[in-house]
Each structure stands twice: as structure tokens, then as C-alpha cells.
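Quick one: structure below, then a few questions.
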Amino acid sequence: MDKENFDKLINDIILNWDITIKNNNKKYDFAELTLSSGLPGIILLLSELKDVSDRKKISEKIDEYLEYIVSKIGTFGLLTGSLYSGASGIALSIYHLRNTMSRYSNLIESLNKYIDYYVREKISKIDLEEITPPDYDVIEGLSGVLSYLLMEDNSEYDELKNLIVDFLSNLVSDRNNLIIYVKSENQMSEAESDMYPLGCLNLGFAHGLAGVGSILAYAQVKGFGNRLSRIAIKNIISIYEEFELTEEGEYLWKDGIVIDELREGKTLRKASFVRDAWCYGSPGISLFYLYVGLIENNDYLINKSEKILQSAMKRKLGVSSEMICHGNSGLIQICLLFRTLLGTSSFDFYIEHFKNEFEIFYQEYKESGDIGFLEGVSGSLLTYLDVSGAENYTYWHRALLIFDDFLQLKQ
């Protein structure tokens, strides 16, 4: 580890946020309260820095940033309960502090109450004929919210967890009527609407089936599965098995499947773009296969999950940065999980290689200036700490649906 540059980078991040807070003190900036690019991600990073010379300064900064968040919520409120843009992300970022001071536990409880209200209100108002990824996905939707809620042991929220499990399961419980199929006009961007004029079934992890299936699998191992969720998981696996691009290479899938392909049961259109990342592509799909293989004791799915990831790590299609979302840090997090859950050494080369990439993402930061969690240097630094053998003090992996406690819960 290049400690001098590491410390400099941490100081740069703190200085950057100190300036931002000063400039935004009297105005509303939605992004600063988000896990994806705001203070919650920085709090997670600083909370993992136990082995630093000036720990007192780091602790004071965490308190300062939390006070700022509380102040902004008190003045402007929250717009969403989502994981990457709202209350679930804030709660996740401070969950490790819940037993240290009453003000932290009180804040978490307040956020939980808001999340409870938000989820019930959202589900009651969703028009299933006009479903869109932010209704159900990991980033903005109920899959991400459930990932946070499954950390919470308070039985008061068990009914809420089951409510989300049932909602998500219902989206994919009928192979002949997939409610999760998103119309063209309800895609997340104009570019995606143009790409899919007939709409599509999203196969990605961040916004599609793999993320939904993964959180349903984890919910099951946490005791929140039921007949409907098991049917949903089975249907999702069958879709990936049916639409694998075997003629294109090993263990590849398109980002989205179109309605006529679903009717015919085969791929009719060539993939416009394939990415090997956490958010889209085979690596995220490998997570889903792994989780389902583990809960079902299915050697075929477990073995295939490892082969999917091995193939993706050799290709790295569309990966040109160090970020978590669609960069190397996200890939390494998945590799680390496979090593933990399967005891495999298949990905040791990539993990060891990442240890030597600090200078690369340090340079990337200097060029982009992005210090965020999902697409910036903070996420890369958290991954760097992991591969360096640092002990974890927070629950930041849950934001990626990286569940390293899967085997313990299953026993």
C-alpha cells in the first residue's frame, strides 16, 4: 500500500466535502444525501479506517457529516426510501453505529419509520401496467430497500419485509405474464427507450432480474421466503437458462429480452452491447446463480456460477474503469465473495492484481474528481481495503447485495 498517496486521497475527499458542506449549508442538494454519490458513502469509507494515525479526526468528521445529514433532513425532508438515493442508504451507512450512542439508534429508528411508510405507500400506488425499474430494482426500487431491511432484526418490520418479498415475487411468478417486463416509454433513459422500442425484460443485476432474484434468495435464507418467492426464483433461473447466448461465446447474456423472444423462447435479435460488470452482464448474474445454488444445494447452479464469473473475468467486456458500478472494483467484490463462500482460488490472480492497482484509480480520481461510492473513488478505496485484508466494521457490502453471511444463515 502506498500509504502516503492513500492518506492524501482520504484528506482530499474530506477537504472536498468540507468545501461542499460550506457552500451548500443553506441550500438543498439532493445528491449529497445519497449513498451513490453523497455523504453516506463517505461515512462508510471513513468508518472503515480504523488503522489510521489520526482516528480522532476521522471520528469527528463522521459525527460532523452525520449532524449535517440530520440537519438537511430536518430542513428539507426525504424524497425517497431507496437504497442509493434515500433513507435506506442513509440507514445502512450508519447501521454499524446503532449500539454506540442513542442518537444513532434514534436516527435509525426514525429512518425505519419513514421507510415503512414509504414502502407501503409506494406499493399501494404502483401501476403494474406501467412498471419501471425504479419500482423494483436494487438502485432505486424495493429490492434495494429489502436488502437494508433484512439487516434489521426488529420483528416489528417482519411484515414489511414479507410485503416486499410478495410484491417482487408477483412480478415474475407467471412466466406467461411477466409483470416485470418494462414498456419502451418506461425505460430509465431515452437511449434505452430507443434501444428497446417494444420494451424489454431487463437481465441485469442493478436494474433487472438478477438483482430481484438475488434478494429473494437472500430473503429466503433469512426466513422470509414462501411458495410464491420460490416459484419466482425458479422462473428467473429458467429465463437465464433459456436465453444464454451460447452461440456468442461462453456464459453471455443480452442486457434485455424483447417480447417476441419471450414468446418464441429463444433469442431473435443480436445483442447491441454486452458488459461484464456488477450492474449489467455475467458477473451480476453469477451472483444470482451462486445464491440459488446454495439455497437449493444444487451443484449444477453452483458450478455454473463459478464458470460464469471465470469467463467474465477473462473477457471484462465494457470494463474500463476502477469504479464499483461498471468497473473493476465491482468485479473484485464478486470475486472476493466467491472465495469466501466457495473456498475457491479461481479468482486469486485477479484479487492479487487489484492490490497493485491503487495508482490506477488514484490517477482516475485525479482526472474525474468523482469521490462517490458507486461510480467514484470511495468505492474503489473500500474494495482496496478489502483486498488488503482490512477488517470490516460496516455493512457496506449489503448495498451491492454481497452477502458473505449466506452460509452461516443457511446452516
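Placement of Cβ uses the backbone N, Cα and C atoms for every residue, glycine included.
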Based on TrEMBL, name the residue from C200, C279 that is recorded for the same Zn(2+) site as C325, H326.
C279
Excluding near sequence neighbours, so keeping only residues 6 or more apart in the same chain, what lies with its CB under 8 A of C279 (Zn(2+) binding site)?
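Listed in sequence order, they are G204, F205, A206, H207, C325, H326, G330.
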List the residues in the vicinity of the Zn(2+) site, defined as same-chain residues other than C279, C325, H326 with C-beta within 8 angstroms of the site's C-beta centre.
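Counting only non-site residues, the set is A206, R275, A277, W278, Y280, M323, I324, G327, G330, L374, E375.
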